[in-house]
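Visitor: Let me begin by handing over the structure; questions about it come next.
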Amino acid sequence: MLENKKMEFWFVVGSQHLYGEEALKEVRKNSETIVDELNKSANLPYKIIFKDLATSADKIKEIMKEVNYRDEVAGVITWMHTFSPAKMWIAGTKILQKPLLHFATQYNENIPWKTIDMDYMNLHQSAHGDREYGFINARLKKHNKVVVGYWKDKEVQKQVSDWMKVAAGYIASESIKVARFGDNMRNVAVTEGDKVEAQIQFGWTVDYFGIGDLVAEMDKVSQDEINKTYEEFKDLYILDPGENDPAFYEKQVKEQIKIEIGLRRFLEKGNYNAFTTNFEDLYGMKQLPGLAVQRLNAEGYGFAGEGDWKTAALDRLLKVMTNNTATGFMEDYTYELSRGNEKALGAHMLEVDPTFASDKPKVIVKPLGIGDKEDPARLIFNGSTGKGVAVSMLDLGTHYRLIINGLTAVKPDEDMPNLPVAKMVWKPEPNFIEGVKSWIYAGGGHHTVVSLELTVEQVYDWSRMVGLEAVIIDKDTKLRDIIEKTTK
């Protein structure tokens, strides 16, 4: 299982010496209380550390330098308790290389209408400080996040939590390594891309390996290891031979287990956390990896088919953000076009991510019409329901583009007893017709990463962190705006 690294966020509070030591003591006390209460709330995925008061340019620069070199620090949350002259923030903010959230809150929820005086105003002037600080971030084009509201409010805490998850993904992105077994599927356009630019902009390392390298690792797997894993399957899944001879069924499933163990070892040796395969490049293998891929997806590995390394890396990135919950590789396959009931059916030839499963997955063995190999084993299940996003990354030659489409996953209208793959059904925003049109005009690929844990805003926040063009297709989308933005 790939575990997310332990991370923390530093809380830095803006003020100045103008107000005197007694005021600064109160600022520090209030700051410590906020951090302590936020950590106790259990509403945040990572711990917040109160670092210090920011009362001089040298102090701020010193803090930001430390943020940059401390691997465990994923980002900075700033709060302006009082007015904090923003020229002090320029040097430190310029060198900050990690995500920044400006928390526009204040210690007290209410104005003490009957007793408020200038002492109170001088101490509790976040409204004043927020605007000065916000100006310098805008001037520096920092692409920071702004969260506004009372710090005890659960919805406000959720916004901070959502940003923390994205910031953790941003940090993890620098460590994403994709192993490509074989090249891209021949003649397919959208899966191509500039690997050097992806490493510069997103931190992704993409390495090629011949399929023989994987086969060599598979050959080292012992029968005892395979048998032990097969026994574990009896508790995890429904083993369904169907019309297959039981001995043949077991043999095919165990071949996928052999692939799984060999593949995992190969990835672990090279510290890879994402990978691709290609059904056109299977020399030396008996089956296209199916169940093997799905099992590794469940452990947090990113994946995409047909050599699509961009989507595999994106899959790993979003899995970090969601702690590998209801997030995975997907492909738009076919439409339901009945008026008023339009929707898309998503699947893939084998490798649908089991983090989507709404029921206990079933292991089946069926023929596969492509790849010219033996019948592969795979997990089948119905996908979960709920609101989420479909995300596609494409290389336009001049730059990368990220397309983010809000969606609602729904139950299928009927059972699909003859479809031998896992599947998910969804309705894109703002509606089926305009959603699909917008996707096509924007150049969106047929491969996506779907997540039922992330929001459009979270994925958009990541795009801003890395300076990536984003096309948002959601409930507020106007088709003409999409056309104007994407076809000039």
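Just so you know, the numbers here start at 1 and follow the chain as drawn.
Here the Cβ of each residue, glycine as well, is placed from N, Cα and C on the backbone.
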Visitor: Please state which member of GLU299, GLU306, GLU374, GLU469 Swiss-Prot lists alongside GLU331, HIS348, HIS447 for binding Mn(2+).
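Guide: Checking GLU299, GLU306, GLU374, GLU469 against Swiss-Prot: the Mn(2+) site match is GLU306.
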Visitor: What is the total of other Cβ atoms whose distance to the Cβ of HIS348 (Mn(2+) binding site) is within 10 Å?
Guide: 23
Visitor: Within 8 Å of the centroid of the Cβ atoms of GLU306, GLU331, HIS348, HIS447, which other residues of that chain place their own Cβ, given that this set defines the recorded Mn(2+) site?
Guide: ALA304, GLY305, ASP308, THR311, PHE329, MET330, MET349, HIS446
Visitor: Within 10 angstroms of the C-beta of HIS447 (Mn(2+) binding site), what count of other C-beta atoms is obtained when all protein chains are considered?
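Guide: That number is 25.
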